[in-house]
Amino acid sequence: MKHVPIVVLDFGSQYTQIIARKLREAGVYSEIVPYNEPIGDIVARTPKGIILSGGPASVYAVDAYHPDTTIFELGLPILGICYGMQLISQHFGGSVIPASHHEYGKAKLQFEVENPIFKDTQDGQIVWMSHGDRVENIPAGFEKIATSENSPFAAIADINRNIYAFQFHPEVYHSQEGSKLLKNFAKHICGCESTWNMGSFAKEQIKQIQDKVGNKKVLCAVSGGVDSSVVATLLAEAIGEQVIPVFVDNGLLRANEREQVETMFKSRGVNLITVDASETFLSKLAGVTDPEKKRKIIGETFIEVFDVEAKKHSGIEFLAQGTLYTDVIESVSVKGPSKTIKSHHNVGGLPDWMKFELIEPLREIFKDEVRALGLELGLPKSMISRHPFPGPGLAIRIMGEVNKPDLELLRKADVIMLDVLHSTGYYDKTWQAFTVLLNVKSVGVMGDNRTYDNTVCVRIVDATDGMTATFAHIPHEILETISRRIINEVDGINRVVYDISSKPPATIEWE
């Protein structure tokens, strides 16, 4: 089945893919393309509407991103968000100027008129502003449909041409009813229906895998996390014993993780192959302190290990990975100019010397969609609800060089923190929780003795997709329990701190 999409043009906002996720959450399929996508390629997708994303630049900048203006002649409904609004205003003859008061943060949206894009939402709702330029005069044919304290044109529309524009970001978590606004655009302005769901996605992926693989075999990288487990299950559904699932113990796993992974797959009747490559990984990481180099080394070593394992089996032509949409957007601008944050170990394709063709069935879906897909495939909720764990493992939760003593220290602290969260019911209330070994020592007193030991940081965040996150407001008594237990039970740690940074500006992981 071909899904008729809403096409999102990416002008460089780190929030672009959240727009797509919010639409899919409403059952509306969406695709993201670069801002300069050829008009013919856009038309070939037969979209029901177009959204122009936000972006980091000014429309008047020398290197400003501009789309093919033919999009405005297609007769399709269009929604511009922030930078997208300024592009629309500029194109149709309005004026855009630097704002006298930059508007960053929450604002109250006041409706000026009734409009279907506001259907079932509250006047006075809180929205998220993040802009330096603003529309001074709106183009002919447009009317203001909402304002805020610092934005006389917080939302505008040309009703006759079905062109809408928001100065705020409806897609981000802080916009109270932003999801409804996007849903209203898709359903009431574009006429989309709710046909996108993980049941149909699973069927489509199974057929695509079968068509692509034929009678060949697929080597599947398994970590035991949600993503790789869903990939392995999807492959097993599609091609049965043609999938060869391989779990690599890289020495960077959490406490008891190898045993848990092996038990889980055995209970599902999957013949999991375990490769102990911990010494290989740790030897290659010796002396390396740069986080980007650590990620690259781990990614390259994974590929080498899989290549060795593949040679033990005949007929393998494919390698499967659990790459997600968020991995892609944070690694490389494959769909637009969004700025690179960090590389991911499973993104960027395979080296030229490797003979495998890559299969990434989750590459275009988000974490919440992966969990829904896992439940659709019959995986247990206990596994589906596990917190995300990065491919590079504990290597990027140790600041500086990675070695066995520090890994053991971090594992012990992590076990205690997770135990407290599970026992208090906060594990399932948060998106991700972990500890970071800072490799910063400080003076302390234990008993009558002076100590000079390590500092551990506790990082707990709330999120829905990992693209944005806020630090979790854990009760102080629970944080106190975590701190007291770690300091009392783990030799070598005398200080525990709590990370209260949100994303952005910080990333969730420290490296």
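Note that Cβ sites are derived from N, Cα and C of the backbone, with glycine treated the same way.
Per-residue confidence over the domain 'Glutamine amidotransferase type-1' (5-195) averages 93 (mean pLDDT, predicted model). Per Swiss-Prot, the feature domain 'Glutamine amidotransferase type-1' maps to 5-195.
Taking the Cβ of CYS82 (active site, nucleophile) as reference, residues of its chain lying under 8 Å away and at least six apart in sequence are, in sequence order, SER13, SER53, GLY54, GLY55, SER130, HIS131, PHE166, GLN167, PHE168, HIS169. What Swiss-Prot records for CYS82 is active site, nucleophile, and it gives sequence analysis as the kind of evidence.
Feature annotation from Swiss-Prot assigns active site to HIS169 (among others); the stated evidence is sequence analysis. When other Cβ atoms within 10 Å of the Cβ of HIS169 (active site) are tallied across all protein chains shown, the result is 23. DSSP assigns HIS169 (active site) to coil in the three-state reduction, placing it in neither a helix nor a strand.
The active site annotation in Swiss-Prot covers GLU171 (among others) and is backed by sequence analysis. Spatially close to GLU171 (active site) yet at least six residues away along the chain are TYR15, ILE18, ILE19, LYS22, ILE81, GLY178, LEU182, judged by Cβ distances under 8 angstroms.
The domain 'GMPS ATP-PPase' feature in Swiss-Prot is assigned to 196-386; the stated evidence is sequence analysis.
Residues within less than 8 Å, Cβ to Cβ, of SER228 (ATP binding site) and separated from it by at least 6 positions along the same chain comprise CYS220, ALA221, VAL222, GLN321, GLY322. Under the heading ATP binding site, Swiss-Prot lists SER223, GLY224, GLY225, VAL226, ASP227, SER228, SER229, citing sequence analysis as support.
In the three-state DSSP assignment, the secondary structure recorded for SER223 (ATP binding site) is coil. According to its DSSP assignment, SER229 (ATP binding site) is helical. Same-chain residues at least 6 positions away in sequence with a Cβ under 8 Å from that of GLY225 (ATP binding site) are, in sequence order, GLY322, ARG386, PRO388, PHE389. Apart from SER223, GLY224, GLY225, VAL226, ASP227, SER228, SER229, the residues listed for ATP, the same chain places the Cβ atoms of VAL222, VAL230, VAL231, GLY322, ARG386, PHE389 within 8 Å of the centroid of those Cβ atoms.
Secondary structure at CYS82 (active site, nucleophile), taken from DSSP and collapsed to helix, strand or coil, is coil. Long-range Cβ neighbours of SER223 (ATP binding site) (same chain, at least 6 residues apart, Cβ-Cβ under 8 Å): PHE247, VAL248, VAL261, GLY322, PHE389, GLY391.
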